[in-house]
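The compositional bias 'Acidic residues' annotation in TrEMBL covers 314-330. Residues annotated as compositional bias 'Low complexity' in TrEMBL: 346-363, 437-449. The region 'Disordered' annotation in TrEMBL covers 304-333, 346-372, 416-476. According to TrEMBL, the transmembrane segment annotation covers 33-54, 69-89, 96-115, 121-141, 162-184, 247-266.
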């Protein structure tokens with residue numbers, strides 16, 4: 001069974017998908033953002049339900065071998081996160097990744113970031129409270145003796161940590177959550193997405209790191225079941241430091257790993273070496289789902305289909321799409337989309353053709369360039385990584401780190417630097433030569449000032465340095 005070429009993304013494409021998703025979330029209407037956040041709290045509570053279940057219903061195992069319970073709890077939370085990702089709703093922790101990366105890319109504003117974080121945190125809390133009171137408490141499921149004991153113990157354990165301890169655990173916790181979100185963007189099959197989320201989430205939950213939305217469920221259930229702690233204490237010792245730690249950890253991942261390492265560094269190297277530039281488009285621009293940024297393929301025409309399929313256009317099927325030539329991924333230069341569209345209309349009869357309307361309609365403003373639409377605006381082009389190369393350096397070469405260190409330590413420039421006209425290193429000999437030549441220039445200037453104009457003109461004539469005007473004047 002062959003896998004579609006578009007089933008997996010590179011890290012660069014996944015990083016741009018983070019930016020594209022941030023742009024989609026920034027254009028959500030406030031009512032949609034609120035509803036998404038409430039549903040996000042509802043769905044993510046699935047992990048909290050299983051968490052208190054494993055802790056409450058296995059008290060003997062927890063007393064004798066707590067590691068088994070921690071491992072089971074680590075396997076529970078990827079289920080809730082999987083629901084959130086597949087249904088495209090909003091979770092405070094994942095929004096930290098999207099908006100921190102999008103802000104560094106210049107795709108969204110700080111105002112968009114603050115709105116998303118504020119609304120998603122509070123309405124994740126609203127959704128979690130609904131699950132705790134209505135679904136769990138009023139149904140009687142969490143009113144059993146074992147459940148009451150388990151939820152109270154969990155709440156008191158959370159409240160026993162200091163502010164700084166919870167803050168540090170929050171940093172590590174959301175670092176792993178953002179890693180899970182980033183990794184799942186690289187895969188298209190649903191089972192692979194789940195596996196990519198399982199690995200980091202299992203790690204941080206089993207080890208006891210903090211997730212602010214996950215803590216909402218456990219703390220609220222503990223308060224409902226009579227935990228001897230006030231809301232004020234929990235707000236100061238758990239809710240606030242957990243949220244701040246999640247912001248720091250998630251922003252670190254989004255800025256350092258997603259934006260700097262997988263966008264900025266890659267594009268800087270590509271521009272320096274004139275590497276091939278691919279046109280990247282979002283093939284999933286619809287709201288309430290993560291974006292998928294893929295390379296835009298060249299248009300394929302009837303004669304191309306005949307070569308691939310071995311016959312006419314009738315033999316072109318899904319299998320031929322999966323065995324496309326590498327030329328289909330050649331870099332696409334900046335060109336006139338409308339001219340390509342007219343060519344497609346007149347000649348192309350394949351499934352890879354785009355419609356007349358979508359080809360002639362430019363990609364919308366403030367939207368990551370959409371696959372199948374026309375030319376985007378300049379700002380959206382730059383967000384998608386289409387560099388404006390004002391100067392071409394055809395002889396650009398890569399230089400290894402070892403060579404750079406060797407050159408710095410020996411204080412000698414490369415030969416190519418000398419050929420490109422860079423300033424040479426000044427030595428005592430060259431400095432002396434410059435002083436000698438300078439003094440000779442001064443002496444020459446003095447001698448010129450002492451020569452009469454007529455003698456100077458005769459000397460210049462002998463040197464062949466007279467202009468036509470001077471020649472005429474001498475002849476007169």
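Cβ coordinates come from backbone N, Cα and C, glycine included.
Note that the structure is predicted; figures quoted are calculated from it, not measured.
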Same-chain residues near the transmembrane segment (162-184), Cβ under 8 Å, at least 6 residues beyond its ends: 14-15, 18, 78, 81, 85, 93-94, 96-97, 193-194, 196-197, 199-201, 203-204, 208-212, 236-238, 240-250, 252-254, 257-258
Positions on the same chain near the transmembrane segment (96-115), where near means CB under 8 A and six or more residues out: 15, 18-19, 21-23, 25-26, 33, 174, 177-178, 181-182, 246-247, 250-251, 253-255, 258-260, 263, 368, 382-383
Residues from the same chain, set at least six apart from the ends of the transmembrane segment (247-266), whose C-beta lies under 8 A from its own: 11-12, 14-16, 18-19, 93, 96-101, 104-105, 117, 167, 170-175, 177-179, 182, 385
